[in-house]
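*Asks:* Okay, handing you the structure first.
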Amino acid sequence: MHPEFAPVAFLSAASLALPLPWHWRAGNVATLSIIAWLFIMNMIYGINAVIWAGSARITAVVYCDITTKLTIGGNFALPAACLCLCIHLERVASVRAAQTTAADKRRRTIFELAMCWLLPIIFMALHYVVQGHRFDIVEDFGCRPATYYSIPAIFIVWVPPLTMAAASLVYASLAIRHFMHRRLSFAMHLQARSSALTTSRYLRLILMAIVQLVWLVVTTAYTLWFSSMTLNLRPWTTWADVHSNFGRIQTWPAIITPAVILRGACTLWWMVPASTWIFVAFFAFGNDAVEEYKRVLNVVLSGARRALPEGFLSEKKRDLKGFSLPSFVKGSVPLGDSSSSTRKDSLPDKAVLPVNRSVTMTTTTSTVVSSMPPPYSLPPPPPPQKYTSPLDSLDYSADADRISISSSVDTSGYTIEILPETPSTSSSTPPSPSSPQYPRSPSSQGSHVVDDYYYTSSPQDSLPHDIPAPPSLPPPTHMPDEAHISPSHAVPSRPPAFPPYPFARDMRPAASEPMSPRPITYPSMSPTHRDIASVFPGGRR
């Protein structure tokens, strides 16, 4: 008993439907023929395993007449289809034809149909020449074709499949040689030939053909060896002698059949499902097959949705009225409850969520309290400073003190004096007298106020109104040392960015270098430089 025969055969036949859609759209007659013949043989083996499970009774005679001939045809059709496939792949990889025309496709289709279907029919008819009786019935295996084992039978039944397998291996070798010769530009070569093949499809086809051919050679050789071991080579005498008592049906019950014959029959039976699995393994797991599976699944799901009664999904939604969230969400609102609303009083007091940080959400106040630090906020800006003179608007530093201009100051020499810092009434945070950013030195004119550039003025000529200060700027980063500042001449921290001066750079004052040829690019109030500055275009008089 072999209870596994029927399910294995039927599953093998069903697995051929996986790569079928892609090959059907490609219109490859050779691969479609392989699928068709493997499907036929698997169905025959499965039906035989069901009918003759544990028995060898004579039944379904007409069915056996048909299936035995189809089995003979399948032994020829599979190597013929592999030969057609290898011929096509070798022609695609070669450079004998630049492009494939419609006439070439039509001739190829006719040739493949003749090789895959007409030639097996011819050999099915030729098998009648070496058919000694009607058929055999083996227990658990069903009906099998009967062959008069002789020299003509070897050349009719076994030699043609071996010859086609050898020719297929030659064409497959040439195809691989062409591929290796132009493997770097093979994809462009396939595109230039207007072929539907890609490099991956080409490799899968050629590898499948080679593996199938090797397997068919092994199968045919084993069948020939098994027949020679179990049957004696008989001489071909006459037609009448060979076909005498032709309507006889030979039965082989398991109890009287030699064990070697049963083992050989079991081995030959498993070769057909193995050939099917080899073919499916090469094409059922590629990108094309996966895309086809997705498309079929979408079609099935869309059909299932259309088959559902109208309003089925809405009824399911109404059934969720009493459904609540999982247990880790506390205080949740039941779904589908029409009485719930977005008002604060209808929401739960507190909801605990499964997060990494300890977060507590209070819905009544719409605030979130977490362990994270509070967001940074900028401090409020200081109140604007007020100036008593229009010249204060030219001050570079926003933290400069108030300035007043006096008419009693010697404007010809621009005497600059440094006075102690006077607290500003307009600044909210007056600078410290000891601050290093604003160096000061004592002055004889205590009523004078010094700005950031150490120009002095008296409050007599100050304007009666105040001018708001410009936006606050950061304090200067560099100030001169105390040793370089004298009461008679003070050095500004950096030159002002006045429009008349093209650029500003950090240099020593021109007073220290009177013969310097450099243009004066900063306001020099020294009397010795007054006439010198008028000569240079960058100077200021």
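One is the number of the first residue shown, and numbering goes on along the chain from there.
From the backbone N, Cα and C atoms, a Cβ is placed for every residue, glycine too.
Annotations per Swiss-Prot:
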- 4-24: transmembrane segment (TRANSMEM)
- 25-33: topological domain 'Cytoplasmic' (TOPO_DOM)
- 34-54: transmembrane segment (TRANSMEM)
- 55-69: topological domain 'Extracellular' (TOPO_DOM)
- 70-90: transmembrane segment (TRANSMEM)
- 91-109: topological domain 'Cytoplasmic' (TOPO_DOM)
- 110-130: transmembrane segment (TRANSMEM)
- 131-150: topological domain 'Extracellular' (TOPO_DOM)
- 151-171: transmembrane segment (TRANSMEM)
- 172-205: topological domain 'Cytoplasmic' (TOPO_DOM)
- 206-226: transmembrane segment (TRANSMEM)
- 227-264: topological domain 'Extracellular' (TOPO_DOM)
- 265-285: transmembrane segment (TRANSMEM)
- 286-541: topological domain 'Cytoplasmic' (TOPO_DOM)
- 364-393: region 'Disordered' (REGION)
- 372-385: compositional bias 'Pro residues' (COMPBIAS)
- 414-541: region 'Disordered' (REGION)
- 420-429: compositional bias 'Low complexity' (COMPBIAS)
- 467-478: compositional bias 'Pro residues' (COMPBIAS)
- 493-502: compositional bias 'Pro residues' (COMPBIAS)
*Asks:* Could you give me three numbers for the topological domain 'Extracellular' (55-69), the DSSP helix, strand and coil residue counts?
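*Replies:* Counting residues per DSSP class in the topological domain 'Extracellular' (55-69), I get 9 helix, 0 strand, 6 coil.
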*Asks:* Would you report the average pLDDT that the model assigns to the topological domain 'Cytoplasmic' (286-541)?
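*Replies:* Across the residues of the topological domain 'Cytoplasmic' (286-541) the model's pLDDT averages 51 on the 0 to 100 scale.
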*Asks:* Work out, from DSSP, the number of helix, strand and coil residues along the topological domain 'Extracellular' (227-264).
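*Replies:* Taking the topological domain 'Extracellular' (227-264) as a whole: 14 helix, 4 strand, 20 coil.
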*Asks:* Using DSSP, what's the helix, strand and coil tally for the topological domain 'Cytoplasmic' (25-33)?
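*Replies:* Reading the DSSP string over the topological domain 'Cytoplasmic' (25-33) gives 7 helix, 0 strand, 2 coil.
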*Asks:* Which residue counts does DSSP give the topological domain 'Extracellular' (131-150) for helix, strand and coil?
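*Replies:* Final tally across the stretch: 0 helix, 7 strand, 13 coil.
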*Asks:* Between the transmembrane segment (70-90) and the transmembrane segment (151-171), are there three or more C-beta pairs closer than 8 Å, counting only pairs 6 or more apart along the chain?
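*Replies:* Yes, since the transmembrane segment (70-90) and the transmembrane segment (151-171) share at least 3 Cβ pairs closer than 8 Å, they count as touching.
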*Asks:* Checking distant contacts: for the transmembrane segment (110-130), what same-chain residues at least six beyond its ends satisfy Cβ-Cβ under 8 A?
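*Replies:* Same-chain contacts beyond the ends: 29-30, 33, 37, 69-70, 72-74, 76-77, 80-81, 83-84, 88, 145, 147-148, 150, 152-153, 156-157, 160, 242.
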*Asks:* Should anything in the same chain at least six residues away from the transmembrane segment (265-285) have a Cβ under 8 Å from its Cβ atoms, list it; otherwise answer none.
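*Replies:* Sequence-remote neighbours of the transmembrane segment (265-285) are 2, 5, 8-9, 12-13, 15-16, 18-19, 22-23, 34-35, 38, 41-42, 45, 78, 138, 141, 144, 204-205, 207-208, 211-212, 215-216, 219, 222-223, 226.
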*Asks:* Apart from its near flanks, which chain residues at least 6 from the ends of the topological domain 'Extracellular' (55-69) lie with a Cβ under 8 angstroms of it?
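*Replies:* Distant Cβ neighbours of the topological domain 'Extracellular' (55-69) are 44, 47-48, 124, 127, 134-135, 137-139, 142-146, 249, 251-254.
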*Asks:* Let me spell it out: take the topological domain 'Cytoplasmic' (25-33), skip the flanking residues so only those 6+ beyond its ends count, and list any with a Cβ under 8 Å from a Cβ in it.
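*Replies:* Answer is 77, 81-82, 84-85, 88, 108-109, 112-113, 116-117, 196, 205.
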*Asks:* Other than its close neighbours in sequence, what residues sit by the topological domain 'Extracellular' (227-264), given a CB gap under 8 Å and a spacing of at least six beyond its ends?
*Replies:* 56-58, 61, 130-140, 146-152
